[in-house]
Amino acid sequence: MAKMINKTLVLTYIYLLIYVLLSTGVILYNKWVLSPKYFNFPLPITLTMIHMGFSGFVAFLLIRVFKVVSPVKMTFEIYVTCVVPISAFFASSLWFGNTAYLHISVAFIQMLKALMPVATFIMAVVCGTDNARCDVFMNMLLVSVGVVISSYGEINFNIIGTAYQVMGIFAEALRLVLTQVLLQKKGLTLNPVTSLYYIAPCSFVFLSLPWYVLEKPNIEVSQIQFNFWIFFSNALCALALNFSIFLVIGRTGAVTMRVAGVLKDWILIALSTVIFPESTITGLNIIGYAIALCGVVMYNYIKIKDVKATQPITDSLPDRITKDWKEKRSSDGESPRGGVELNDEEAPLITSSRLSHIGRTQLGSHTAV
């Protein structure tokens, strides 16, 4: 028994490491591909459509051809009322978020993402899935003040890039709330493969509209380089990130996932300054982000405490790990249980049966998948 538990713990931390590496790698890879200073493919909608098309195709193969995963019972009514609006906001978050890479640094983008709990809380209150509370409001105010300080300290501040990133954050927050309101109401549970199967093609269609207006003319008149292996590996990494989240989300608790997300943020900020020398970080950036992070941590603590207060007394850690391991073996590809939702910018398609608004950008996509 002890050997089995130790093996499970080792696998959990290996999956966490894979998630952190893939998530960090995909964001840096996207920045490198899109940036005019590097690979010079300044077409974020096109890149996102490549990701959507590739992910949808792989999901189709897994479900319809190889039959590795069983499709869910999807009616036309559920598709139109649930999948279509969720896909629309998902596509918007991808479009806005990837466009921000053209204007601002990866480090500053990660600092702005601290606003994700604020946006999610606002959308949840507006949609009636959460209540306005004084303690949460104060945390949100602290996060907002931290982001403002960080923005003030940004040397290469760009209002267009900042606006795109903030719009992407709010689009993603609304997508999360709609996922809870619409999919949960229908009792529909999607795992990563079925999420990609239903949402990716619909998002591809939505993205084709702004692509036709904004990017198609540029593709026709400019010399845009296209390297098959670059785009194939980029899309493959984004797809692998989705699957790594599926492995992680069923093996860890909320606290572990949030710690992993914070670790990933700091690694990403540090690496981006090394890989992209133009990404200069100032002391005011760090101070502002640290303040925002304190607000995020306090918010996570409040929401985790709320979740625990509504749940019965849990088993001890070894018993819970053993139980989780047995349940995973007997499961048939359904989404993991629990209140942990990963909301990674590069892979936001994961939905769980009990969504909560604890998370931040990594914990609660976009891709770009």
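Cβ atoms are placed via backbone N, Cα and C, with glycine included.
These come from TrEMBL:
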| type | residues | note |
| --- | --- | --- |
| TRANSMEM | 12-29 | transmembrane segment |
| DOMAIN | 14-300 | domain 'Sugar phosphate transporter' |
| TRANSMEM | 41-66 | transmembrane segment |
| TRANSMEM | 78-96 | transmembrane segment |
| TRANSMEM | 102-124 | transmembrane segment |
| TRANSMEM | 136-153 | transmembrane segment |
| TRANSMEM | 195-214 | transmembrane segment |
| TRANSMEM | 226-248 | transmembrane segment |
| TRANSMEM | 282-302 | transmembrane segment |
| COMPBIAS | 324-335 | compositional bias 'Basic and acidic residues' |
| REGION | 324-345 | region 'Disordered' |
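The stretch from 78-96, 102-124, 136-153, 226-248 with the most CB pairs below 8 A to the transmembrane segment (282-302) is 136-153. At the 8 Å Cβ threshold, with sequence separation of at least 6, the transmembrane segment (136-153) comes into contact with the transmembrane segment (102-124) through 3 or more pairs. Counting residues 6+ beyond its ends, the transmembrane segment (102-124) has Cβ neighbours under 8 Å at 27-28, 31, 34-36, 42, 44, 130, 136, 139-140, 143-144, 146-147, 150-151, 154, 156-158, 160-162, 164-166, 169-170, 172-174, 176-177, 265, 268-269, 272-273, 276, 278-281, 285, 288-289, 292-293, 295-296, 299-300, 343, 345, 357, 359-361, 364 in the same chain. The average pLDDT the prediction assigns to the domain 'Sugar phosphate transporter' (14-300) is 89.
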